[in-house]
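As given in TrEMBL:
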- 194: active site, proton acceptor (ACT_SITE)
- 14, 15, 35, 36, 52, 109, 143, 258, 284: NADPH binding site (BINDING)
- 109, 139, 194, 247, 257, 258, 259: sn-glycerol 3-phosphate binding site (BINDING)
- 6-163: domain 'Glycerol-3-phosphate dehydrogenase NAD-dependent N-terminal' (DOMAIN)
- 183-322: domain 'Glycerol-3-phosphate dehydrogenase NAD-dependent C-terminal' (DOMAIN)
Ligand SMILES: NC(=O)c1ccc[n+]([C@@H]2O[C@H](COP(=O)([O-])OP(=O)(O)OC[C@H]3O[C@@H](n4cnc5c(N)ncnc54)[C@H](O)[C@@H]3O)[C@@H](O)[C@H]2O)c1
Ligand SMILES: O=P(O)(O)OC[C@H](O)CO
């Protein structure tokens, strides 16, 4: 009998823990790295993650540790599930510990501030591992639903399709259906920009603007994501798939989305500081809206919804003023 695939998951937050559950349910032997000893201890002794996924029973083949070397040892897949803006510093510590030949897997949906790098680019930059050994997982995957074993499809993307297929097998369960893709740029952009559009839709919901506004923002949000993707060499078809439309719909319609909820609070009139204070987990779009706009400018792409979100979140623009500006932009054909 072949031994189980060994996977390490760095990050014991909502998605790290939920994806560890997927891997374990698919038969992998999973080691979960946690920052805090009390959380690692709680995972091992109660088989739950009381801080991030209370009430969800974790499989027996997940073991938590705060020892990064122990987690990384022998892992065929090294999964990274930390906030996008801390990844570079985290990886600098973990790189010497990585198992030889391991495939690095990003679960993150953000763009680095300053460098405007996608997460796979940060991973390549820090570890010097080739892009044929860097994969991403993305799609409509709200952690709490996945942890409850509710059905979802996902995308596993890697430039090397055979690596994507290995990862697909390692995380395929009766409730989690991963599809492979080799368009890493498109898949990563879909995941990062949908958080920004999720903020915009949340703001509109909080302002009570209705479902036509929501449908319009989702569609025009996808249009500006696709424009950026095209300028960066992505396959435009990726954006009508799970990493694009699929994730946008889930994020923009679910109260479980942190980005959507963050936007809703702003739209209802909370200040940025008040909204941050009530947000306990990572809402990537809050920081990545600036790096996505940076990317758009570097590529000469117009992204009015992203620009509007940056205006509201980082420049103190009142949502009603931002709405008026967005609606009074010059008239144009839909496909431009
Ligand atoms: N939660 C979801 O439904 C979901 C689904 C798909 C993708 N994602 C993406 O996965 C990534 C992680 O999200 P999450 O939901 O697990 O976030 P989370 O806020 O639930 O957990 C973040 C984890 O990172 C750790 N962390 C925070 N600061 C750190 C630091 N400086 N160094 C090391 N670790 C640190 C926290 O302790 C926690 O374990 C994000 O990019 C998010 O967009 C989340
Ligand atoms: O909670 P959010 O807004 O980070 O969204 C979670 C996932 O990315 C949805 O696919």
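The backbone N, Cα and C atoms fix where each Cβ goes, and this holds for glycine too.
Recorded features from TrEMBL, shown on the structure.
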residue: 14; record: NADPH binding site; CB count, 10 Å: 23
residue: 35; record: NADPH binding site; CB count, 10 Å: 14
residue: 52; record: NADPH binding site; CB count, 10 Å: 21
residue: 109; record: sn-glycerol 3-phosphate binding site; CB count, 10 Å: 28
residue: 139; record: sn-glycerol 3-phosphate binding site; CB count, 10 Å: 25
residue: 143; record: NADPH binding site; CB count, 10 Å: 23
residue: 194; record: active site, proton acceptor; CB count, 10 Å: 33
residue: 257; record: sn-glycerol 3-phosphate binding site; CB count, 10 Å: 24
residue: 258; record: sn-glycerol 3-phosphate binding site; CB count, 10 Å: 24
residue: 284; record: NADPH binding site; CB count, 10 Å: 24
Nearest of the recorded positions (35, 194, 284) to residue 247 (sn-glycerol 3-phosphate binding site), judged by Cα-Cα distance: 194
Distance [Cα-Cα, Å, rounded] between residue 258 (sn-glycerol 3-phosphate binding site) and residue 284 (NADPH binding site): 9
Where the C-beta lies under 6 angstroms from ligand 1, the matching binding-site residues among 14, 52, 109, 139, 143, 258: 14, 52, 109, 143
Distance, residue 14 (NADPH binding site) to residue 139 (sn-glycerol 3-phosphate binding site) (CA atoms, angstrom): 15
Mean predicted confidence [pLDDT] for the domain 'Glycerol-3-phosphate dehydrogenase NAD-dependent C-terminal' (183-322): 97
Nearest recorded site to residue 143 (NADPH binding site) by CA-CA distance, among recorded positions 109, 194, 257, 259: 257
Rounded inter-Cα distance in Å - residue 257 (sn-glycerol 3-phosphate binding site), residue 14 (NADPH binding site): 12
Candidates near ligand 2 among the recorded positions 14, 35, 52, 194, judged by a Cβ under 6 angstroms: none
